[in-house]
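Below is one structure; the comments refer to it alone.
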Amino acid sequence: MTTSLLTRGPCSAARAAVTSNQGLQRLLFYLAALKFTDKHEWVRVDDNGTGTVGISNFAQEALGDVVYCGLPEVGTQLAQQDEFGALESVKAASELYSPLTGEVVEVNTLLADNPGLVNKSCYKDGWLMKMTIANPAEVDALMDEAAYEKYIRSIED
Amino acid sequence: MLLQLRRLRPLRTGVQQARPTSSCLFPDPSTTGSGSGLVLQSQSTDVFQNLALEDWIDAHVDLQRRAVLLLWRNRPAVVVGRHQNPWTECNLPAMRRAGVPLARRRSGGGTVYHDLGNLNLTFFASRKAYDRQRNLRVVTDALRRVRPELDVRATDRFDILLNGHYKISGTASRLSRKSSYHHCTLLHSADRAALSSLLRPSCPGIQSNATPSVPSPVANLTDHAPSLLWEELLEALAQQYNSEFGFEAAPRPVDPSDEALFPGVGSMEAALRSWEWTFGKTPKFRLDTRLELRDEQLGARCGAGLHVEVKNGLVESCRVDVPHHWLPPRLSGALGEVLLGERFCPHRAAAALTALLRCESGQPHRRLQNLGEVLLAGMG
């Protein structure tokens, strides 16, 4: 459907439809590639084999406005479930737990001056850190999007 | 059942008392029937022991099926929030002179002054049951019951205000894997002069993204209800907690340093006392300030610039811009270098400075010493 809209040539409504459709597709792509923990963190395995880590929409909503992100040093070795940092929001200070075993290779430095990105764009610009994946089986054992949705519904009751 | 097991052990020489263990204090809720709430009253006034007890309860008590209220107070101390900068929040030199320690808690929020007139309440619950407004209602309802004339109200920032604008309570909290705790202060009869003099920053020129405090005018409950006794307040709060949550818990005194009751609490206390936690957890910051230098012997003055970057409480970079006529650049450069990697702390800096001074004499020595003193004063 996207391709046929493109070949019809520019007209603002069609372009808007394509853009929003592309945006939706892109979001779906991101979500489809994500695995989730029961602590509401997500991991996305990047092309180069590192894992990008963030918190889910459920988590950012529950946290409220994030005012500070305490993230680990690059080079920190983490075992699965180790505390790797903390987010402070108007609600509370909450510890962050590593979804995987690996080494921190990058942290999102934008969050230092703009901690609200975690709320505004939790799956994209509000990513927290990137880490190596020492044990790929750990990724396989995490929940996919459908399982995570189910999990959220079960705890909300 | 635990008591029966003890009786079966052979008698030893010397008196052996049956000591309470944590399983006595926190029995399995399924065996106690209804009213799975606990009210504990700490017998310690040491801020690190009390903070360690909070950590212990958060980590070890199953809060899915029970709730705990901890009542505590400390000898004078300043407590900063998890992500705060003590150099911008309080007067570190004045605290040192007065023997008032600095502690960093694990919850968020702002800086508070603790003393024996400031009651702390910690409400422990599961993450699901986390409800700060409900907890604060326990406090305001209790106060209204014992002194109905008091106008006390919780705000949407979770402060409690007296007469609409004096803060008598501030709140902070922590969310862990499955548990939560919400603690708040309550000013009964704190030393307000000490409070305002110690919660004044002493280190100008700092830029950081640490979480700031929101200063507020404060009042003590006893300023407006002079007959309100400490014990009366504690009793009213415990009663209201029980009434709000449907518990029947009588307040139990506990010693937060008791390893039998709280195994591992000692090492939690040691971690909270450590420099690495208290100062080292300060978010990265920059200090840019002007130093006023003097040469007393010649009656001369000079201005200098100080630029420091501090990460994990350690000096990551340090540049002292002193006019060349005042002090040779090799010396101001050497001072900057010798502080690299050191704790951002006047004691460490003094030690580094002493080593440098040994190699100098006359005017350079005098001026370097003055530069060092002024720099140390700027480090809090």
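Positions of Cβ are set from backbone N, Cα and C atoms, glycine also.
Taken verbatim from TrEMBL:
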{"type": "DOMAIN", "residues": "A:50-132", "note": "domain 'Lipoyl-binding'"}
{"type": "MOD_RES", "residues": "A:K91", "note": "N6-lipoyllysine"}
What does DSSP say about A:K91 (N6-lipoyllysine): helix, strand or coil?
coil
So if I measure Cβ to Cβ from the residue listed as 'N6-lipoyllysine' and keep only same-chain residues at least 6 apart in sequence, which ones fall under 8 Å?
A:A62, A:L63, A:G64
For the domain 'Lipoyl-binding' (A:50-132), what's the model's average pLDDT?
95
